[in-house]
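Database features (TrEMBL):
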TRANSMEM  A:6-30  transmembrane segment
TRANSMEM  A:71-88  transmembrane segment
TRANSMEM  A:100-121  transmembrane segment
TRANSMEM  A:128-146  transmembrane segment
TRANSMEM  A:158-179  transmembrane segment
TRANSMEM  A:200-220  transmembrane segment
TRANSMEM  A:246-276  transmembrane segment
TRANSMEM  A:288-310  transmembrane segment
TRANSMEM  A:316-334  transmembrane segment
Amino acid sequence: MKELRLLWWSGGLFLCFLFSISATVTWGSAHIEMGMVWKIIFSHLWGGTTLPAGIDSATDAIVWQLRFPRVILAAVVGATLAIAGVIFQGLLKNSLADPYVLGVSSGAATGAVLSMLTGWGSILLGKWTVPIFAFGGACLALFLVLRIVDRHLRAESLILSGVVIQAFFGAILTFAISISEQEMQRIQFWLMGSFVLRDWEHVWILLPILVIGLVVAWGFSRELNVLVLGDRSASHLGMNVARVRLFLLLLASFVTAVAVSVSGTIGFVGLVIPHIIRMLTGADHRSLIPLSALAGAILMMWSDCLARVIFDPRELPVGVITAFIGAPFFAMILKKRQKR
Amino acid sequence: MLKAQGLAKSYGSEQILHQVELEVKRGESFGILGPNGSGKSTLVKILIGEESPDSGKVWLEGKEIASYDSKERARKIAVLAQETMEEIDFTVGQVVEMGRYPYLKKWTGMTRQDQEIIEQVMELTGVSIYRDRRFSDLSGGEKQRVAIAKALAQEPELLFLDEPTTYLDIHYQLLILDLIHRYRQEHQLTIVMVLHDLNLAAQYCDQLLLLSKGKVKAAGNPQQIIQPSLIDEVFHVKPIVLSHPKWQVPQLLLSAKRDSCSSGECS
């Protein structure tokens with residue numbers, strides 16, 4: 001019964017995922033039909049150098065070099081943030097935690113901007129410079145939040161700590177923007193997140209991180225489940241709680257940092273998605289992790305699509321869309337908790 | 001089975017335990033008694049290896065507890081603590097399943113043997129009928145039965161009960177303790193329990209240890225421990241001790257100080 005339900009939702013989400021890819025590649029200033037989209041994608045994946053009949057090189061370029069990589073990147077970022085959200089919520093036993101609310105995203109963005117402005121370490125680290133600086137920022141933010149929060153990790157205390165850290169790193173970011181006028185545009189997009197001018201290169205940075213993050217997090221799904229019982233119960237069951245928690249916090253911060261370094265701070269995906277999936281298929285992390293990744297990808301693809309088409313030809317930062325969806329959702333959960 | 005010598009522990013400047021020693025034999029039911037703040041919970045934490053003592057040692061089956069790998073330890077010792085107050089979004093079946101955690105390897109699922117053990121302990125504790133219910137929707141007594149099922153799914157040789165019946169009504173107190181008692185006789189399980197209720201302790205334990213201000217005040221069988229003078233010294237109450245008509249174990253009868261109250265000198 002429960003397995004059947006899980007199977008239904010997995011299948012449904014996967015179909016929805018495929019449909020979302022084709023639909024969001026189709027939409028845009030130039031309308032390209034769904035059939036043609038898939039023809040172009042398949043021809044690049046399995047075909048040779050020649051284009052299929054009836055497709056001109058301009059259309060091919062729009063699909064393969066502009067929209068498809070962007071849609072895939074959105075999906076990968078969405079999946080990554082959703083997994084980070086699942087881990088944070090599980091570890092902190094707090095359904096209001098997510099990388100954005102905790103200030104981890106802001107920390108990562110600050111690290112990323114710092115590395116862009118100063119250029120430190122870029123010779124040594126190459127294309128990984130920005131992600132690694134972002135990871136440093138994310139860890140610092142998380143460390144500070146966990147220092148401020150009370151010992152019991154109560155929801156309200158955690159949120160307030162996150163707000164403070166977010167305000168602090170936000171101020172650093174705004175400061176950086178103010179003193180460097182020529183970089184303003186580039187930095188500004190970190191504040192609300194965007195997929196403008198992102199291409200395959202960024203996909204190849206984040207995709208391996210997502211795969212590793214997904215596999216490792218799934219490998220720890222049993223630990224995440226047991227931790228729900230509480231720290232003492234987990235240690236009575238033979239888990240090294242401190243070590244597991246530290247490792248998973250670092251993992252979640254790392255995947256968040258890499259996601260932020262390619263797309264900026266996009267809020268609430270990691271909050272909304274695990275909630276919805278938990279309501280649909282239960283709290284077991286073995287299904288929660290992969291299904292959240294899938295749903296996060298879908299939500300982000302559509303958010304980015306909306307960001308592109310609503311005021312076409314102008315674009316909105318995608319973080320605006322996710323905040324419009326996420327903030328009321330956040331308020332709703334908070335209200336529901338108070339009723340209990 | 002379990003042996004401790006010279007245990008001492010302090011938090012800051014406050015000394016919680018002084019020179020505690022005890023020995024629990026296989027198959028025994030061992031009770032730890034003492035007033036609030038006498039160091040019972042700290043002693044339990046040290047005995048199960050959750051905390052390490054400042055000095056002294058604990059041996060489990062002749063091997064020092066600190067040298068056990070944490071999963072290896074969890075295959076020998078299970079702990080049933082006070083009823084959990086946390087909101088848990090899992091079904092009863094999923095919670096019981098977690099008892100198999102110390103036996104499972106990463107990347108592998110449960111074997112048929114794991115499944116069978118889960119079925120057995122759920123039958124035994126009578127929670128099979130709740131299998132698909134949400135854990136947090138159960139009543140306190142039902143939750144505690146699920147917690148027992150989870151602890152027994154660990155197939156422990158030694159079961160620690162840390163005030164397992166504190167929030168339960170008398171029906172469930174007896175039900176829980178009887179359940180564990182029966183299982184113990186069938187499976188040669190060794191039990192160490194911390195109980196507040198001295199009468200229940202006298203009925204369910206073979207050996208008792210009386211803690212007072214972090215020291216062992218007395219140790220022995222219920223007849224030796226449940227004595228008016230000892231109880232008065234440690235708990236500061238003057239009880240009447242009777243013999244249980246059915247089990248011939250000592251039982252306490254508390255008496256209110258009504259005579260002094262009625263003459264208006266209560267305060």
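For all residues, glycine too, the Cβ spot is worked out from N, Cα and C.
Small disclaimer: the values here were computed from a predicted structure and weren't measured.
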Recorded stretches the transmembrane segment (A:158-179) and the transmembrane segment (A:200-220) touching, at least 3 CB pairs under 8 Å: no
Interface present between the transmembrane segment (A:6-30) and the transmembrane segment (A:316-334) (three or more C-beta pairs under 8 A): no
Maximum Cβ pairs under 8 Å to the transmembrane segment (A:288-310) - stretch from the list A:71-88, A:100-121, A:128-146, A:200-220: A:71-88
